[in-house]
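Q: Input: one structure, supplied below.
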Amino acid sequence: MNTSHKTLKTIAILGQPNVGKSSLFNRLARERIAITSDFAGTTRDINKRKIALNGHEVELLDTGGMAKDALLSKEIKALNLKAAQMSDLILYVVDGKSIPSDEDLKLFREVFKTNPNCFLVINKIDNDKEKERAYAFSSFGMPKSFNISVSHNRGISTLIDAILSALDLNQIIEQDLDADILESLENNAPKEEIKEEEIIQVGIIGRVNVGKSSLLNALTKKERSLVSSVAGTTIDPIDETILIGDQKICFVDTAGIRHRGKILGIEKYALERTQKALEKSHIALLVLDVSAPFVELDEKISSLADKHSLGIILILNKWDIRYAPYEEIMATLKRKFRFLEYAPIITTSCLKTHHIDEIKHKIIEVYECFSKRIPTSLLNSVINQATQKHPLPSDGGKLVKVYYATQFATKPPQISLIMNRPKALHFSYKRYLINTLRKEFNFLGTPLILNAKDKKSAQQN
């Protein structure tokens, strides 16, 4: 049956350059169509695509950035506003990591005036700690705003549900769609879409010349990454995907990080690219060269994994020529990397491919812990037992208690304690609870984020 008689609902994605419009377009389309880049203004034409949102066919428009000083800005702006006028719903995307400018607000109001059927989508809110940044956009006065992170796939399902509701598509049952539409959607869907979110993203980090590229080659059994005795032969992150059983793992070999100090030119570019690669990673393989003693820079680099809340595995490379006995190295490791005490340790010689299969299987094990969700009843049972065993210290003589606990996110696991006096939760008691949860539920190689909230804050979130 021909479907041309059906009028599709149209969604336009608008906003300034480099806020993540094309990335959101690709995420909703579940296919890499628009070119995404770190450079502002990459999309200059309107990309149009028929997509399926939870089985409902809609038309999605990705437009060029609307910055005042962008190339062909007048033409692009006119085209954007025309797309806004013709659309059933606008997703106006802003960068949650930036402070909104007067230009942001001016452009948004112009779009809203053209078509008030508009959602404010605050992108790059990568974790719960960054929600506070979204409050800066309250001046936009939008009751319908959504905190998302396209790169971390956070908040996307909530946004899709709201889109379907706004377009009155929630009540349409699948049987009402023409059979040929369903067949078309099924046939045109990229074959790897179903498992797209199951690809484990692994960043390989470490100092220059510790063996990161050799490790990548050993893991993938390819000479994809240039290996040389010359320090710093990898500049751009190099990625390679392998399959272990049914599980896809994408490795990114990042540029080696040199000594501290002023970094200019291509090294600055390499460091920025490394940071970008880690933003998209689930797990970091921290490669340490044990042919010589650890240095301060090793600790600095390890903090990158902590900064991005990644799962982590410590890879002790060049073990066959280690500088000291096993006991001495492990004692030094425990002392210098105390904050990574939950990370598994694997010794290897990448050039000789020792223990490479162990690394692969450990990645899957850590990712399972990284993605773990604890049933609420079980979580509260453990928290209750812990607080009974060691009661919470009082706050100036006033009782401090936990009403309940809830896990609100995974990758990494994030848990909220709903309390009567959240500010009274001392860091040492928080550490006690985290250690208790680790012992009970096995969060191998995984950061565990625990925060305290009062009932009012919990209800608002």
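Any Cβ shown, glycine's included, is placed from N, Cα and C.
The GTP 1 binding site annotation in Swiss-Prot covers 15-22, 62-66, 123-126. Annotation comment: Swiss-Prot describes 206-213, 253-257, 317-320 as GTP 2 binding site, evidence class sequence analysis. According to Swiss-Prot, the feature domain 'EngA-type G 1' maps to 9-171. Summarising the annotation, Swiss-Prot assigns domain 'EngA-type G 2' to 200-371. Annotation comment: Swiss-Prot describes 372-456 as domain 'KH-like'.
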Q: For the domain 'KH-like' (372-456), what does DSSP give as the number of helix, strand and coil residues?
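A: Across the domain 'KH-like' (372-456), DSSP assigns the residues as follows: 34 helix, 21 strand, 30 coil.
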Q: On the 0 to 100 pLDDT scale, where does the domain 'EngA-type G 2' (200-371) sit on average?
A: 81
Q: Expressed to the nearest Å, what is the distance separating LYS21 (GTP 1 binding site) and TRP319 (GTP 2 binding site) at their Cα atoms?
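A: About 46 Å separate the Cα atoms of these two residues.
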Q: For GLY15, ASN209, listed as binding-site residues, tell me which one has the smallest number of other Cβ atoms within 10 Å.
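A: Relative to the other binding-site residues in GLY15, ASN209, ASN209 has the fewest Cβ atoms within 10 Å.
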Q: Would you mind reading off the Cα separation of GLY206 (GTP 2 binding site) from ILE125 (GTP 1 binding site), to the nearest angstrom?
A: 27
Q: Which one is closest to ILE125 (GTP 1 binding site) in space, judged by CA to CA distance, out of the binding-site residues ASN209, LYS212, TRP319?
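A: Looking at Cα distances from ILE125 (GTP 1 binding site), the smallest one goes to LYS212.
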Q: Counting every protein chain present, what is the number of Cβ atoms, excluding its own, within 10 Å of the Cβ of ILE125 (GTP 1 binding site)?
A: 21
Q: Indicate the candidate from ASN18, LYS212 with the smallest number of other Cβ atoms within 10 Å of its Cβ, considering only these binding-site residues.
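A: Output over binding-site residues ASN18, LYS212: least Cβ neighbours within 10 Å is ASN18.
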Q: Go through GLY206, TRP319, the listed binding-site residues, and name the one with the sparsest Cβ surroundings, counting other Cβ atoms within 10 Å.
A: TRP319
Q: Cα-Cα, whole number of Å: GLY15 (GTP 1 binding site) versus LYS212 (GTP 2 binding site)?
A: 38
